[in-house]
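J.: Okay, here's the structure, questions in a sec.
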Amino acid sequence: MEEQRRYSEKEKTSRERGLLYRWQGYSCTVNPEKVLLPRPVCHAALGISHGVLLTEDGLVYSFGDLYWRHSSRSQALSPVLEGFVGGQRVLRVSAGSFHCAAITDDGVVHAWGENANGQCGVSDLSLVPSPTPVSIVDDETVPPERVWILDVACGAQHTLALSGKHEVWAWGTGCQLGLVTNVFPVQRAQKVEHLSGRYVLQIACGGFHSLALVRSLPPLKSSRQSSETCGQCRQPLYTVIDKDDHVIISNNHYCPLGVELTDEKQGQRSNQGSPALMAKTELSGPDQQVFTGLFEDFCPGQKALDGSCRDDAAKKETFHQEPAPVSVTDSSAALPKNLKRTKTKSSPYPDEQALKDYLRRMSDQSLSENFEAVPTEGSRPPSRQTSLKDRCRVDQHDKPMFPALAPLTIRDVTNLSDVAPVATQNRAVSCQDSLTGANKSASLSDVRIEDTDGLGRRRSLPGLLSKGSPLFVRQGFPKKVGASTLTTSGVSKTENLFPSLYTEVWSWGRGQDGQLGHGDSLPRLQPLCIKSLSNKEIVKVVAGSNHTLALTAQCQVYSWGSNKLGQLGHMDSSTVPHLVKVSEGIRVWDVAAGQTHTLLLADGDCIQPILYYSGKQVQEGQDSHASTCTQTPTLLPFCMNLGYVSSVFAGGLNCLALADQNAMGFISTLHELASAERKLYCTLSRVKSQILRPLLSCLGQTSMQLFQTVAGCFSRLCHLTGQHAISLNSFLQNSRDVKTLTILKKADIFLDTYKEYSVPLGNFLVMGGFQALVKPAQECFGKKLELAQKLLELKEKDASPSDLLLKLLYMPLQHLCDYGRVLLKMTACFDVSSVEYRRLQDGCLQYEVLAHLVSKQRKDAEATHSFWKNFSGKSLESLRKPSRRLVCESGNKDLTLQNSGRFSVNTFILFNDTLVHAQFSSHFIYPLATLWIEPVSDENGKWLRAINQAVDHVLGLGQNGQVISPSGSQRAEPPVSRTATYTFTKEGRLKEATYNGRWLSGKPHGKGTLKWADGRVYCGTFKHGLEDGFGDYMMPNKTLNKFDRYKGHWKEGKMHGFGTYWYATGEVYEGSFQDHQRHGHGMMSSGRLASPSSSSVFVGHWLNDKKAGYGIYDDITKGEKYMGMWLEDQRQGSGVVVTQFGLYYEGAFSNNRMTGVGLLLCEDDTAFEGEFSEDWLLNGKGVMRMPNGDSFEGIFVGEWGSELKVVGTFLKPSLYETETEVNQVGRYAVPAEQKWRAVFEECWSRLGCEFPGQGENDRAWENIAVILTSSRRKQTDSPQMLSRSQCKLLESLEVIPQHRGSVSAQAYDIIRRYLIKACDTPLHPLGWLLETLVTVYRMTYVGVGSNRRLLQQAVEEIQSYLRRIFQLVRFLFPGLPEEGGFIPESSEGAGSDSLSDSSQSDSTQQGWIVSSSSLLLPILLPRLYHPLFTLYSLEREREEELYWDCIVRLNRQPDLSLLTFLGVPQKFWPVSVSILGKEKEVLPSTKDACFATAVETLQQISTAFIPADKLQVIQLTFEDVTQEVQTMLGQDFLWSMDDLFPVFLYVVVRAQIRNLGSEVSLIDDLMEPALQHGELGLMFTTLKACYYQIQHENTTCF
């Protein structure tokens, strides 16, 4: 029943929203027709005679004249459902004159309809009957990538698309494409290069013209040279106007070049030239020289604070127009360092990298990726694709609250605010607002008119200046500019969170009716900025067939183009934007343009929106040549019957309105909020421009500083309000999910902005600023301030001027109550238990609390102002400060001084930062930050509480770093560092928590213990009031009645760094944390009991508390181990699974399942390679190979280990066929270089490098010294003291090995010894790295991982370790040669045996060949030997059995019999042997006596770990054999292989080495390359041959 009720409510709600109405014209007889669809409509678009509708479930319907459909229903009176391939969900739709387009949720454009001009992007079809994907590929990337599309717009013969990178792509026919081509039609989407590098917000298409709304940004400093003339008309881009005391440089250049268009046919070339370099010239042109901060319009700059502001308005205007200095350097000098580095080489020719760098500099390609890596201001040469995305993203870190210590016990304990305060003082901003005194010149004839708006033509892209530009013609000019330097501020942090109000409109295409807005009727082949719309805050552009509309954030509409039927909303046609005149109080917030009409959606006197229409009247039976029209916007009388309209659409002669019924009052509340916000922004904008700006030039210096601060904060609040109003429009037209409501989702930004405004406004009130404003205001606006009364909409006329100004500036703060009221009203629309209800309640509470706080701040400011106004003591006037507030004074709260004189008069005044004791003409000041209170009686409790509260407040300000130092005498400050115990009582995360430990300036700082009332305990170090450093944290788990425990490092109150977390469930995590989450490398042991009885173990990389990247998961319960890639806690990507039953699988994983192609091997060598759909579930094509060579090839279905259904072919190899191909293990596994990247990245990070190999060598050694020193100090304080040898080792490692230039043999030995010590110390970064690698390696290849199939991967992983560690070593020791480099032996080190002989070169020149194996394998391999050798043993198990059987049989024979059997010549048979110093004759029965010394030596091969040591054992064995033979045959004897092999074979047999095959394989895989072809290599080859010979010996005779 409950589900049915919810379903019925959902259906009812769907019927009340998304209602679509259709009509034509504006007469009183028009009755809108309701368009009926099964689901609510969320978006629509109209063409000339057709339309497309998008429902909220992503379906698309078409109606009207659909002549491109191959069916009898081409004329669809009712909407017809369109089919999309794959059933994708559609997000956006658009309609051209006779074609349509849609965007699916995979970012692909689908088009259909008329395609005669290529507007559908499909080849060889004139009509496209159904939605067809359009291929949009970026060929500039390598490899080419598919472009993700966000929006699409359609015209008559062309289509535009907006990509995810906010670039514009176009296809179709005509100059409206904006492409550098003259071949039409363009059937393959191409990028509009002229807009590359700009952040395009919106696109729109008219009949034969195009528009783009671009976000403008502050200009970046540039060092690239630019052209000085326009690429089209060859006119100067810069103009210089020399005046008496300054020079004005303008870049306000309009290109007058136009091309007369002719009718174009498919495949015909147009008359346009081929300006191939036009885009580059345009983009490399200069930008504006003046830019004022986005929000800092009114904030005082340094000139204002120094009292050197301009004297009059004329000087202000001149100052505003002067360009800022721009430093110009060579373009190559600005390249990042990593691009200019080249390797030293002997060839005189440039290498490939140098060629690429040269071509990159010469071309106009993007260097944005490199610039993002080196974001040094002024060093980024911008290009046409320089990334202009706002990077000013400010993360809000919540900080815990530490209330003040209890009064009367200890002081200086500050409240740590949960919200980081936003500073409002000391901002480096320009002295003048961007709109102050701006001259609105609209001249289009003289391009030498200076840029009166102060903003250049291309604010959307950084400007470029060359050394030949007119800016540098006059030598004295830079000095003049430097005398009045302006500072530019970056984009605010809200620019990425809210819609941008700093926009430009660009247009291109045909302009015969002036629809481009450039002041003429010429066409534009490339996008050109409409200068007259700069600074108009355009938020939306729409285009009709031959006219264009632009909507501003202040609810105004600009129109231009054809006005034959009054569609512009005014009387005359216009080639430049003109304001559409609507009634006062009407605020337009959505617009639509049809073929000959305009539709406006606006706010009226009530909450419900209203509709206005201007243009052609459409009536049935009316002659088309005698059409009537309205030239001014006319109210549509039926609009109130439609409901709450949220969007309007127009096309052809039709109009559409998307409306909602007021379901439960929710829709009306949303419209009420949006309407109020739009109205507030319009009012604030008028106050800013009409009130604040004129007053800035009329105040004195003291009031000017305070008022500028107020005005600057007012400007920021106004801007935020405008952004919020636009976001509410989008909210009404889209999802309407309350959880995404901006005032809830980004409440912190709103609260901070209102707080920022409230504080300086109160300061201005305290200093009597409103009274000082009265006279200047009356001079500007008249004695009664009629303008202020009009803005306030006050009915009473008797308010004083100061009260009017006060109400006017406090008016925005009253809007906080409106927020709380509307949010509370919305809660009635949701269930009490819903998430939306809780969010709304929380938001309502936040705004109500802030409203109460703001009201209290105003009352405090008014009380303080009244106190100073009525206080008679002139001596205290110096204490009057803007931020100082009165708390109480002895006049209204009695307080007497003990033991005072009979006639003494004492006055006590308590401010929020000081306590003042006035006595006669003198006064004493006691700063509250250093004040202790000792009560002597209870009769002054009010004063005591007031002082304690004031002290708490002052100590709370201490966390911001603001030191209060009032003038006057003050007692000595108490120590800022102390040990104390305090129980926190205020709200926050520390409520009722008790802290015992060290304090610094009112914050826990140092070692301490923090205990909460709910049982949580933290014992460790603090820093500035937050857990920071090493600590032990325990948290009770009430469900399991156990504790969660974390022991590790903290940073800024969060788990950050390495630590161990014991969960109450029995799980244990040991690894890296970041922001309270498992992040980085770590190991998680899961199970009911703690390790080693865990049911599963995971070791690998974590990302935001989830497994991500490479990792090992050992499921002990199931007996399986997974080694591969992870994503979001699921197996995803390549991986390997081994089981305890011998199964081995490698292949692809998706969503935690074996999915895709893989290889499955059994213990008996049965192999299957094919497709899987689930774990161990075969499903698809594959090949199964049997151990005997038989195979199945076909389709397999079923689970491995149970029944398998096979449809295929059975193959039986013939006797003469060669052996079948063995399955190559490891093809589908993760490459060794991709394993454990996080471990190596952590090591690089500890060395101070962001990326491997990129960093400073000196900094790395400093980090090592700091780590070792701090670790040694921590270990000294710990209960487990370090031994003396360990301390000596750490001290020796702190000394940086000194070497310069190339490494000598002696230095090489020092490096080798240092590495041995460093790797033996886990505190050293290299030691930690080695210890971690050993752990993960053993986790991988021990237990279930001891599978012989993993041998090759284990070997490759070790080799990968060596390469990556060697990279670290070479970074620490830059003089060390590369892999395979040679170090000659110095004369003084010729006799040194410190280096292994195995690493010496066999060349005539003595020395050492440097390799990762020779340097690092002796350190690494002994720690990994056991799991690795186990894998070798398992891999060679069958061979080893055969070998050992032969060894056992052969060793039963006496020496002479064995020598005879092995074919050893008799001359090598010993006649006698020495046993315990006695010579004994070798008899036929003698056993284990011949070559006994060599046998014992060879047996030591099993005790050596690294290949070099094993080879040395083999070499010693050969020397022992040779020595014994030379004793019998003379010292001149030389071996031949025919003689040596049988003798050495005898020694190998008698040595009886178990797993000799594994030893041989290990040496063969890990032997240094330099030794493979030398003498040791020959000896090893002999041993290998002996091993294979023993396996093939016929021992049946024994």
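Note: Cβ is positioned from N, Cα and C throughout, glycine not excepted.
Keep in mind that TrEMBL annotations are predicted by a computer and have not been checked by a curator.
In case it helps, TrEMBL gives these features for our protein:
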DOMAIN    1452-1598  domain 'VPS9'
REGION    317-350  region 'Disordered'
REGION    368-392  region 'Disordered'
REPEAT    107-165  repeat 'RCC1'
REPEAT    166-216  repeat 'RCC1'
REPEAT    503-554  repeat 'RCC1'
REPEAT    555-604  repeat 'RCC1'
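Give me the structural setting of these features: burial, nearby parts and distances.
T.: Counting residues per DSSP class in helix, strand and coil order gives 6 helix, 26 strand, 19 coil for the repeat 'RCC1' (166-216).
Note on the repeat 'RCC1' (555-604): DSSP counts are 0 helix, 25 strand, 25 coil.
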J.: For the repeat 'RCC1' (107-165), give the DSSP counts of helix residues, strand residues and coil residues.
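T.: Output for the repeat 'RCC1' (107-165) reads 0 helix, 30 strand, 29 coil.
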J.: In the repeat 'RCC1' (503-554), how many residues does DSSP call helix, how many strand, and how many coil?
T.: 3 helix, 25 strand, 24 coil
J.: DSSP-wise, what's the residue breakdown of the domain 'VPS9' (1452-1598) into helix, strand and coil?
T.: 92 helix, 8 strand, 47 coil
